[in-house]
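Report on the following structure.
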Amino acid sequence: MQLNPAEISELIKSRIEGLAASSDIRNQGTVVSVTDGIVRIHGLSEVMQGEMLEFPATKDGQPSYGLALNLERDSVGAVILGEYEHISEGDTVKCTGRILEVPVGPELVGRVVNALGQPIDGKGPINAKLTDVIEKVAPGVIARQSVDQPLQTGIKSIDAMVPVGRGQRELIIGDRQTGKTAVAIDAIIAQKGQGVTCIYVAIGQKASSIKNVVRALEQAGAMEYTIVVAASASESAAMQYVSAYSGCTMGEYFRDRGEDALIVYDDLSKQAVAYRQVSLLLRRPPGREAYPGDVFYLHSRLLERAARVNADYVEAFTKGEVKGKTGSLTALPIIETQAGDVSAFVPTNVISITDGQIFLETSLFNAGIRPAINAGISVSRVGGAAQTKLVKGLSGGIRTDLAQYRELAAFAQFASDLDEATRKQLDRGARVTELLKQPQYTPLPISLMGATLFAVNKGFMDDVDVKKVLAFESGLHQFLKTSHGALLERLEKNRAFDKEGKDEAELTQAITAFKKSFA
């Protein structure tokens, strides 16, 4: 068969036109070494800091991802998120072009998830409609609003003396076994019916401890508005490091839509240790206490994201869907100290970043004063502006009584005979100290807390035996609930005494009536 040149060129042209040339340009590299969850990769020329890298799937077909942290001249250092036993030298690694993301939204509420937002509670998949990046820039000064709304923790000593406002960062610091987690869990339980979504991030905790926390939240009915992000001690250092940022992103979803959220980081000491481990394995130069140079930035960029944002920010973010509402993310980071040393590297860093701190002391805890809060050195730098009028008006005397009591108690040890005024102050201080004790998982509503503070401030407890103070308080609460429910409802609603003085008169009358019946 004879073909002329014109036919040949037509044939080639038609073949070229009919060719389905689908090309997939991907930036990929090769694994050079794998050690302790750290992978060195050669050939990833267009990778971003913090980008998700796709590794070969696990034996059961689950996708495997890593996080690019070290960008060097001829190689990339990455941490594997999850299992790494199946990865070997020579494996292909692909760029995804995406920064690490986690699912966000109301679908996560009531669930227990890992650091990547994957469910680990056995209640089925989470069908979240949205995802968001874990690393974000915190809202600027213009987008913020001053903290002036209270976040009630239900704990007498905190709400009276170191109040927390919505959008504040209040550090809980103390040695191990001083009740730090208990304070945070009580604060979460106290948000029931307050319209606050809570996120509890467990970093480096024992799996059994996390299970106990979840059980306590379920029994109190608090899981209905809580997300638990768990990175237990058995998980990799990378997962423990990432978990705090994942939880923060989940909280920001609510903040940016004009809602209120509370996040607890339990605890940031273990997150810093996990980050130190990752940094040392990546051969980054160590600094003080072998922590890397950016350990301050590790916590500052996390805690600065807790803020109260103004209505303009919320309106711009939601594209006009939500108007006239401010949003807030309140943070309660926890730091564990060694033998009460608050001047160590990580504690001083976090103290300088936060808006105040609640100090818990072993000596107080062992003396039976629980929560073991040292009111003398605990402060709230911005919460005073957010404190409810009811508690603010009554709490000034409490702090003064305690301060004078501590001063006189030390002096009274050496004095044999004390004058009447000193004895009165010592007696009042002993009763206030006793009154600030509170059982775990029993946060108080604002009305009952106000009644308690009113009773001690007006001297109704001065002649009650110290050992019977707590019995007097619980009896008074029960009496008010049964006989003066309307008064409690008014105090709960108005969060202040009325200007005419009727509420104060009724409360005085009620306490006097109860005291006559109290044996």
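Glycine residues also receive a Cβ, built from the backbone N, Cα and C atoms like all the rest.
Feature annotation from Swiss-Prot assigns ATP binding site to Gly174, Asp175, Arg176, Gln177, Thr178, Gly179, Lys180, Thr181. Summarising the annotation, Swiss-Prot assigns site 'Required for activity' to Ser378 and lists sequence analysis as the type of evidence.
The CA atom of Gln177 (ATP binding site) is located 18 Å away from the CA atom of Ser378 (site 'Required for activity').
Cα spacing between Gly179 (ATP binding site) and Ser378 (site 'Required for activity'): 15 Å, rounded to the nearest whole number. Compared over the recorded positions Gln177, Thr178, Thr181, Ser378, the count of CB atoms lying within 10 A of a residue's CB peaks at Thr178. The binding-site residues under consideration are Gly174, Gly179. Their Cβ neighbour counts within 10 Å are lowest for Gly179. Apart from Gly174, Asp175, Arg176, Gln177, Thr178, Gly179, Lys180, Thr181, the ATP site neighbourhood in this chain, defined by C-beta within 8 angstroms of the site C-beta centre, holds Glu336, Leu360, Thr362, Phe365, Ala372.
DSSP assigns Lys180 (ATP binding site) to a helix in the three-state reduction. Annotation note: Gly174 (ATP binding site) sits in a strand segment as assigned by DSSP.
Note on proximity: among Gly174, Asp175, Lys180, the binding-site residues of the record, the Cα nearest Ser378 (site 'Required for activity') is that of Gly174. In the shown protein chains, 25 other C-beta atoms lie within 10 A of the C-beta of Lys180 (ATP binding site).
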